[in-house]
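> Here you go, one structure.
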């Protein structure tokens, strides 16, 4: 039995059907997938900062703001589709055409704001990782350039032909609209390229292996596809502006807008994914590298389990005869009868090192810098211990 819609019983019609006059479902699918990926990246970033590599920083707060902004922008896109954007303009009522343009006007503003926040997030991450003043200065320059780019772009988009109704764009004789988007996109690409070269500048003078340098540059290099997405978006914006059917021909431009924005938000989390992947790695059933010894066997000492659930390795000395332990325990008097008193203090810049333990955890994203250290060491007898051997009274044998 079939329903009046022609579908079998128990089936409902799809939300949208792709036809030559309706491409709105493409927008819905793209925006939905991007929204899910953005939220997953935020969850992973929060997990890294709460369980693996705390604490939260300004870059993490900016990522939260960016994610919220992109979620709102996706909601505006869904609202725009509900007003028949993606369909032929002949099928849309005049009231909905005006509503579509108002929503698209707000969407452009929020897109620029969200893209600015992604750039600021990366700049703040550079400030968090950078060890030198020059690195921090360059990060601040990128931070300022991103803010200037956002303000300039918003003015270029907001002030269109009719200032009383700046959202009206369709079927208007307004020159310079595409030139404005060319300026916005060109500055966007320049800042993205600058962010990539910043990662190279960050590691070029550091004392680390070339492999580790490549990994750092590659993590930030995942933002480079944004340049390609921005170029495609600009191309289809030009087609939409010159089209007589902008609601239909503007579909691809809006799709590339979502791809560029969502990927830009996700790229903010990619440099922080290594600790997350290490934490969730199952090693495919094999022994983790942290639990294996050089000889291929793991020796776990009793009571060596720490608060994070990992076990400390202990070396076992055995003789050549059938695993018989060698007695390596010697009395303290046999090794050091003089009871030497030894104190060591480490200072740099006139201050003691108070944070070396907390900042050198392997799961934290810390880039070390070369620091001049001053080490003072005093060696002498412990004043609280008597000298050895002690003087014995005359006529008595020495103590054994």
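Cβ coordinates are placed from backbone N, Cα and C, and glycine is handled just like the others.
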> Pick from 84-102, 141-159, 160-178: which stretch is listed in TrEMBL under transmembrane segment?
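Result: 141-159 is the stretch TrEMBL calls transmembrane segment.
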> Given the ranges 3-25, 26-48, which one is assigned the annotation transmembrane segment in TrEMBL?
26-48
> What range among 179-202, 251-274 does TrEMBL record as transmembrane segment?
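That would be 179-202, per the transmembrane segment entry in TrEMBL.
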> Cβ under 8 Å to the transmembrane segment (109-129), counting only same-chain residues 6 or more beyond its ends: which ones?
57-59, 62-63, 65-66, 69-70, 72-73, 76, 135-136, 138-140, 142-143, 146-147, 149-150, 153-154, 157-158, 184, 188, 191-192, 195, 198-199, 202, 220, 223, 257, 260-261, 264-265, 267-268, 271, 365-367
